[in-house]
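What follows is a set of notes on a single structure, which appears directly below.
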Amino acid sequence: MELADIRREYTKGGLRRKDLKADPIDQFNLWLEQAIKAGLTDPTAMTVATVDENGMPFQRIVLLKNVDKDGFVFYTNLGSRKAQHLEHNSNISLHFPWHPLERQVHITGVAEKLTAMENMKYFTSRPKDSQLAAIASKQSSRISARGVLEGKFLELKQKFAKGEIPMPTFWGGFRVKPQSIEFWQGGEHRLHDRFLFSQHDGEWDIDRLAP
């Protein structure tokens, strides 16, 4: 089969302005709740796009860990490629692809580092093995073999068999403060529904976009 022949119709219904909440964070939370209830695999998984100092874009899948009126939160190794990019350019884009619901959400904004207290609160809530993995992996660095990583993990597991695991200084989170949030709902005959929330002077404007 030719790739150009792979297609389907979008039949799960449209999206109208009257259906939208006035605040896009409330609308996002509604859609996220529906994605979770629908049993989607990894409903909190999002594509995170950053740009390096040469203007080259990079993307990767990261899990959303919190969302509130202040923005969208994720955690990472602060020496990772994404974190280094954000040091040079704090502009960022998030994308949630909820394919089974024929929905997408696209967010643009600016990333800010979380406080040490916020980082510690989440780190201590993680499973112990996840805490150890955060210490063992120098994210995005080159390693000779997987065995090196596994050996470091086992070494740390023995070292911290008892007691609390200290949060590494090279680990932390970012809060993405949104500047725009677009909601996309698939429609029949490729007449999809798109609504863009844009923030101006602390208020959200809503525009319908052509598909």
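Note that Cβ sites are derived from N, Cα and C of the backbone, with glycine treated the same way.
What Swiss-Prot says about this one:
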BINDING   Arg7, Arg8, Glu9, Tyr10, Lys65, Tyr122, Arg126, Ser130, Arg190, Leu191, His192  substrate binding site
BINDING   60-65, 75-76, 81-82, Gln104, 139-140, Trp184, Arg194  FMN binding site
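Here the C-alpha separation of Glu9 (substrate binding site) and Val62 (FMN binding site) works out to 29 Å. Gln104 (FMN binding site) is 28 Å away from Arg126 (substrate binding site) when you measure Cα to Cα.
Looking only at the binding-site residues Arg7, Lys65, Arg190, His192, the one with its C-alpha closest to Gln104 (FMN binding site) is His192. Ranked by Cβ neighbours within 10 A across all protein chains shown, the binding-site residues Arg7, Arg194 are led by Arg194. Using Cα positions, the member of the binding-site residues Arg7, Arg190, His192 nearest to Leu64 (FMN binding site) is identified as His192. It is Arg190, among the binding-site residues Arg60, Lys65, Arg81, Arg190, His192, whose Cβ has the fewest other Cβ atoms within 10 Å in the structure shown. As a whole number, the greatest separation of Cα atoms within the substrate-binding residue list Arg7, Arg8, Glu9, Tyr10, Lys65, Tyr122, Arg126, Ser130, Arg190, Leu191, His192 is 43 Å. Between the alpha carbons (Cα) of Lys65 (substrate binding site) and Tyr75 (FMN binding site) lies a span of roughly 8 Å. Classification of Arg81 (FMN binding site) by DSSP places it within a helix.
Relative to Arg81 (FMN binding site), the binding-site residues Arg7, Arg190, His192 all have Cα atoms farther than 10 Å away.
Across the fold, the C-alpha of Arg194 (FMN binding site) and the C-alpha of Arg7 (substrate binding site) stand 20 Å from each other.
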